[in-house]
Structures are given as C-alpha cells and as structure tokens.
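Data block below; observations after.
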Amino acid sequence: MSFVRPKALSYSYPALVHTARHSTFSIARCLREPTPWRPARCPSNKRPSRTPSSQFSTSPRHTAIKTVQQAKARARSGPFSAWGAVAFLAAGVAITFYFRNEKARLDRRRVADAAKGVGRPKIGGKFTLLDQEGKRFTDEDMKGGYTLVGVFDHLQRGIGLIELFIQVYFGFSHCPDICPEELDKMANMIDLVASTTQNRIGTNSFVDPSSRKAPLLPLFITCDPARDTPAVLKHYLAEFHPGLVGLTGTWEQVKDVCKKYRVYFSTPEGVKPGMDYLVDHSIYFYLMDPEGDFVEAIGRQHSAGRAAKIIVDHMKDWKGGVKR
C-alpha cells in the first residue's frame, strides 16, 4: 500500500481575509438565527428602566426642577411662617411697651427726685390751720396718703389711697372764674383717680371725709382768710365735690403756708368786714406723696384725665411705708 502525501496547501492573503470575514459573518448570523433551544432575540430601542432617586441624582434637569419647585414653595410662604411672623410682632410690641413704660417711670422719678435735690427750695412744710368743720388740721394729717394741693386762693388737700397722696390747691371763694373752673377739674380728677383705683370719695360707706379715709385727699387752702371762714368754705366746696377739705386760718398762718408752698400771696393784712379788695394767686395743684414730700406740680395746661393719670402713675411708683 502506497502512502499518498497530500499536496501542500497554499493560501494567498486575500483568500485568508475573505475566509475570516465569512466566518465572522456566519458566527454572527448563527447567533441571530433562532434554534429550538434558543428563541429569537428582537432588538429593542428601550433602555433598561432605573428607579429614580432624587437623593443621589445629579441630573441637571432634575436639579433644575427641584430648584423651581423650591422657589415656588418659598414664594408662597416667604422666608417666615405665619406663626413666626405673629411671634415676632408680639415680641416687638411687648419690648416697645416695656421700654416706653420704663422711660415714663424714670422721668417721673427724676421729677420727684429733683424736687428733693440739695440746693433747691423745699415745697411744703409744717403748718397748722382749721378745716371746714372748725377742727385743727396740720401737716401731720397729710401723712399716710398722696396729697394733691391746688394753689388757688383756697387750699385743697386730697386724701388718696391706703397710703395717701395729697392734692393741694390754693384759691378763694370769691374768685369769679378761674377758681370755679379749676375746682370742677379737681372734682373730675378725684373721681377719675377713684374709679381707676376702684374706690370712691364722698358719700359711700368707704369714704368718711372727717376721718380722712378717702382714696385721694383733696385740700383747698384759702388765700383770703378774712372772708373764707370754716362755714363759708363748707358751703362753697359742697357745690363741687363732697370729698374736698377746705382749710383756713389767721392771716399770718395762711401767709406762712403759702410761703412754704411757693404760692404768690397778695391779700392785704387787717382788712375789715365789707371791704372790697383784689386777691391774686398762683394757679397750680401740688401733688404730695404719703410722706408729705412734693412730687409734681399740675398746671392749667393739664386736662382732668391727664392729671388723674399723673397721680395714678406716681401712686404706682410709690415704694414702701410712711415715716411717722
């Protein structure tokens, strides 16, 4: 048996390239063609879906949408919430109210302290007079309350609250116009202070003018002692307010108390009954504290309401007991 040696195979380069291309095409076609054990694959343009995650997304489009939504929400609500705005306004109002009240209190304290300063003339002092009942009345009877002393030709003193402020007014019963106007204002001041402090002056069970137990002690000191006797003052003051206390005395006594209160006194000395003469006087109400010290002067420019508020404010500022 003879062995036949196969002929040597020889391939050219173009043939090899063609064979490789054909083989690659055949393999790819086989992969695409269906078989019993491999179904056909249909190409799809859909990309696999991904679960959106705003937490890790850095997409410019997503970021832009997020920013627009936030801008709209912020535009609707503003930088503050409604409750935050209410709390802010309430705090502002409370702070403003506190500082205004504190400033007013310090101003009142400054006025009161200035009257007690070293080198200033003292307003008020010791005196002895008679009230409209003919009873002895001294400066010690003013202690224990705020006194409002009105300077008109009669002295008015008012008994105030438990610790009394006194209102003193100087005038005279024959005054044609100014005194009646100021006495009407004084009566309104008494009632306003009484209503503010939930007390009354006059004819109720709490008030007893003879025992000086009214919420405000209003004193009326006459500058015309020759004509203003206790009986005349009692009749005259009853026309204005039942809580008014009228004080009179001799010419020397009245002149002395007017001097101590820095009140202008021009009544001539030694006038006889029936003589006609002019009486000039200052027009102020002097507010005295429960220790008998001067607090503030209230003039004609103050209305009854404004004057009553001044009195009540000083009562609120009052600290501590009365020195006897």
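Every residue number used here counts from 1 along the chain in the order it is shown.
Note that Cβ sites are derived from N, Cα and C of the backbone, with glycine treated the same way.
The annotation Cu cation binding site is assigned in TrEMBL to Cys175, Cys179, His281. Counting every protein chain shown, 24 other Cβ atoms lie within 10 Å of the Cβ of His281 (Cu cation binding site). Secondary structure at His281 (Cu cation binding site), as computed by DSSP, is strand.
The Cβ neighbour count for Cys179 (Cu cation binding site), using a 10 Å radius over every protein chain in view, is 26. Secondary structure at Cys179 (Cu cation binding site), as computed by DSSP, is helix. The disulfide bond annotation in TrEMBL covers Cys175-Cys179.
As annotated by TrEMBL, region 'Disordered' applies to 36-63.
TrEMBL lists 80-99 with the feature transmembrane segment.
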(message) Return the count of C-beta atoms lying within 10 angstroms of the C-beta of Cys175 (Cu cation binding site), excluding that atom itself.
(response) 20
